[in-house]
Amino acid sequence: PSPKVQGTHPDCSVVLHFQQQEVECLQRIRSESQNPAPPEQEGCPTEWDGVNCWPALPLGQFRAVACPDILNVFKKSKGLIQRNCTEWGWSLPSPPYHSACQLETLSSSNDTEAKARHFVTMKVLYTCGYSTSMAALLLAIGIFSCFRKLHCTRNSIHIHFFTSFILRGMAVFIKDNVLFSDESIDHCTMSSVTCKAAITFFQYSVLANFYWLLVEGLYLQTLLLLTFTCDRSYTCGYILIGWGVPMVTVGVWVLIRLQYDNHGCWDDYSSQYWWVIKAPILLAIFVNFLIFLNVTRMLAQKIRCPDLSKTHKQQYMRLTKSTLLLIPLFGVHYMVFALFPKHVGMDARLYFELVLGSYQGFLVALLYCFLNGEVQAEVRRNWGKWQRSMESNVFNLATQDFTA
């Protein structure tokens with residue numbers, strides 16, 4: 001049997017459920033039309049009334065069905081809806097659906113407006129968060145790129161990590177623009193190539209984000225193991241992990257969705273194929289957690305080592321402090337929510353993933369660049385050099401005017 005359809009947005013689960021029931025009912029109707037019943041067995045053919053599929057019934061008989069079993073839509077009622085097969089066809093449902101199947105208490109207009117304002121506020125917050133993060137990350141990339149003394153494998157990995165955050169912010173903005181730019185578009189049934197491409201790019205950016213954090217952890221562990229020997233030979237491997245693994249994973253996911261689950265805009269997370277994306281993310285978080293424990297152990301041993309120079313200790317501490325803070329920060333909430341069904345803790349999940357998650361890029365730029373003592377010293381040195389150069393130029397111009 002096909003998995004139960006549940007869209008990313010709760011309202012979509014109802015729409016898609018009835019669409020699926022309608023498709024199955026229409027298939028039954030087409031099958032019956034190809035194999036008509038004998039004249040003596042004629043009656044009322046199978047019919048879809050918008051809520052239930054009523055199987056074919058001989059003349060003079062009746063059929064009763066229960067209320068549709070849709071979570072959070074209909075209250076569980078013991079009442080049945082009955083329809084008779086008459087000479088003029090199916091009779092009207094008795095009692096009517098709205099009487100037999102009590103809807104769950106609908107939100108008042110005030111509650112609906114409050115919820116709308118809540119989501120608008122949340123969108124403003126994460127839009128500001130991603131904008132701030134992207135601006136900070138672009139500035140940090142510029143600093144690492146402009147100052148020659150900062151060109152090294154460590155900062156090159158930081159630049160890739162920053163880029164993955166920028167792509168993630170862009171993917172969020174693109175996804176919002178494609179799915180929700182026009183209120184007249186029904187995002188539950190949207191199935192265009194554009195929206196699927198936007199969701200694919202979003203999934204790739206999220207995967208790349210987690211795997212470049214994994215690369216940061218792997219690099220830190222390699223740094224402690226190799227004691228600052230040549231680490232450039234590992235750069236290609238890091239790039240393959242950070243960009244290559246997400247690309248292969250998303251490629252496999254796209255092929256599977258095209259072949260076995262090509263409905264909607266691919267933004268539903270209840271499908272079993274969602275594990276093609278979720279499993280690699282959970283694996284990256286788990287490996288990072290092991291690295292977190294191993295690096296903490298190695299760092300404690302190296303700091304106690306009397307033969308280690310003060311400079312090396314400072315280098316270890318500077319990079320370790322940033323990376324060890326990020327590993328649990330990026331993975332804990334994802335691991336917690338991954339263990340619960342998608343509809344559990346939806347508000348908390350949205351807040352962590354959208355609002356707090358949007359400021360993670362700013363935090364990364366702050367830890368790896370703006371609060372980095374090496375970067376601060378290099379910026380101050382070049383700033384002082386530029387000031388002295390300007391003062392020298394002003395003095396030369398003044399003396400030239402004076403001598404003239």
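Including glycine, each Cβ sits where the backbone N, Cα and C put it.
Pulled from TrEMBL:
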type	residues	note
DOMAIN	24-105	domain 'G-protein coupled receptors family 2 profile 1'
DOMAIN	122-372	domain 'G-protein coupled receptors family 2 profile 2'
TRANSMEM	124-145	transmembrane segment
TRANSMEM	157-174	transmembrane segment
TRANSMEM	210-228	transmembrane segment
TRANSMEM	240-260	transmembrane segment
TRANSMEM	272-295	transmembrane segment
TRANSMEM	316-338	transmembrane segment
TRANSMEM	350-371	transmembrane segment
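Across 240-260, 272-295, 350-371, stretch 350-371 shows the highest tally of CB pairs under 8 A with the transmembrane segment (124-145). Simply put, out of 157-174, 240-260, 272-295, 272-295 has the most Cβ pairs sitting under 8 Å from the transmembrane segment (210-228). For the transmembrane segment (240-260), same-chain residues at least 6 beyond its ends with a Cβ under 8 Å from one of its own Cβ atoms are 160-161, 164, 200, 203-204, 207-208, 211-212, 214-215, 218, 266, 273, 276-277, 280.
Across the domain 'G-protein coupled receptors family 2 profile 2' (122-372), the model assigns an average pLDDT of 81.
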